[in-house]
Amino acid sequence: MRRLNADLIHVVASAGLPALVNFAVAALALHLFDSVLVGRSYALLALFYVAIDVFNFGSARIYTIDRIRARFPGLLRLDCVSAIGSAVLFCVACAVLGRTGSIALPNWTAMLVIAPVCYGLSHFALGFFRMTKRNGVVLAISTISALSRLAVIALLAEFAGLRSHFPDLLLLVEAAYGAMLLAAYLWLRRRDTADHEPERRQAPARGGLGWYRDFIAQARGEMLSSWYANAVLSGAKHLDVLIVSAVVGPAGAALYRVAKGFNNLAFNFGQSFSLAISGNDGRVSRLIGGAGFGRTLAAGLLACGIALAAASYALLEVRLFPVQSIGSRSHQFAFVFAVLLGACLVFLCRILSLWLYARSRRAFVKMASCEAALTLALVAALGWQFGVQGAICGVGAAALVILTSSCVLLTRRAPPRGRHRAGPANTEQESS
């Protein structure tokens, strides 16, 4: 039990720490640097993550399957395809979008290749650490990466002449993160093989293209489903920054990226919290459909509204959000309130999504696909009409629609009283 609690702490910390630091870094950058440079740099970083997700075939998830582990000792060869594909897509996309001015291009052209290759080669390493309960390694590397992002801000704040290299340094941190994961995996795998399993031999796998033919024959279905989850669902989480940069402008995209940091925190902690309470989904479903739930819900919503208003006022007073460009004090308050409300809705969506996954994977995939498409559509439409305020309201509006739809599906699929359905034993949903 103690080991399980330690692993849970490591998983939550390694997921929450990057989101927390990314929010702090984006806020500091917008306070200290030119907003156009910050917006274009984070649009470049969003494009980088999209390129990574499009060619992420899910080696981390696939390796959890027993028959795959018995046949293939490692899936680094699959990551090689991911790395090459991500690098090619990233270079081509940068060449196209760089002409529009919506993204910043690095001064060191080599970073367009180094960053996606290093990051793309780390997918399986991350899954290996999760699978072998070495979450402390992931936490240590995530901490180093987070401190590196803060160091970048400190460096550029001290040396103003280097600020044009902000996009280069952002990509360098991502490259270092992937390289550290890969190096740690190679070192630990070699040590484990030499010290603990000198005589162990797995089923032989062919080399060259034969390895890929064998792998596709064994895991074609799993690879397609995992690729869909990464390319469509995870990739869509980064497209919104590119959309805002295009329809609102780089300065608006910079402020949107800071606000999105709260949504990322809510997403990561919602995932972790949902796993912790996954065994109580049946009880909650019966509570939703029970008598008196409407009055309880109304009271809870009123209390949450008051708390969010107080929190919005406090954040506005301490100037955590650089919202001076929005306009009047009332507009600034409305923007911060919309950010916090959207984050709360995203948090609740993550909890209900796991319960929906436990009831019906098909319904979960459909709902997740609708969430991705609806979020991008509302961010684009409202951002075009109302600027960055409309874009951030689009995130909250999409989350509200998905939250309501999930509640309806859960109450329809609620198990009969007295029966309890166990949640999924292991649901791995990575959050970038």
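Placed from the backbone N, Cα and C atoms, the Cβ positions cover glycine too.
Noted in TrEMBL for the protein shown:
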type     : residues : note
TRANSMEM : 7-30     : transmembrane segment
TRANSMEM : 42-63    : transmembrane segment
TRANSMEM : 75-98    : transmembrane segment
TRANSMEM : 110-129  : transmembrane segment
TRANSMEM : 136-157  : transmembrane segment
TRANSMEM : 169-188  : transmembrane segment
TRANSMEM : 296-315  : transmembrane segment
TRANSMEM : 335-357  : transmembrane segment
TRANSMEM : 364-382  : transmembrane segment
TRANSMEM : 388-411  : transmembrane segment
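Contact between the transmembrane segment (388-411) and the transmembrane segment (42-63) is not supported: fewer than 3 Cβ pairs lie under 8 Å, counting only residues 6 or more apart in sequence.
Sequence-distant contacts of the transmembrane segment (42-63), counting only residues of its own chain at least 6 positions beyond either end whose CB sits under 8 Å from a CB of the stretch, comprise 26, 69, 75, 78-79, 81-83, 85-87, 89-90, 93-94, 97, 102-106, 115-116, 119-120, 123-124, 126-128, 130-131, 167, 170-171, 174, 219, 222-223, 225-227, 229-231, 234-235, 237-242, 245, 250, 253-254, 257, 428, 430, 432. Outside the transmembrane segment (169-188), and at least 6 residues removed from its termini, the chain residues within Cβ reach (under 8 Å) are 41-42, 44-45, 48, 106, 111-112, 114-115, 117-122, 124-126, 128-129, 134, 137-138, 141-142, 144-145, 148-149, 152, 155-156.
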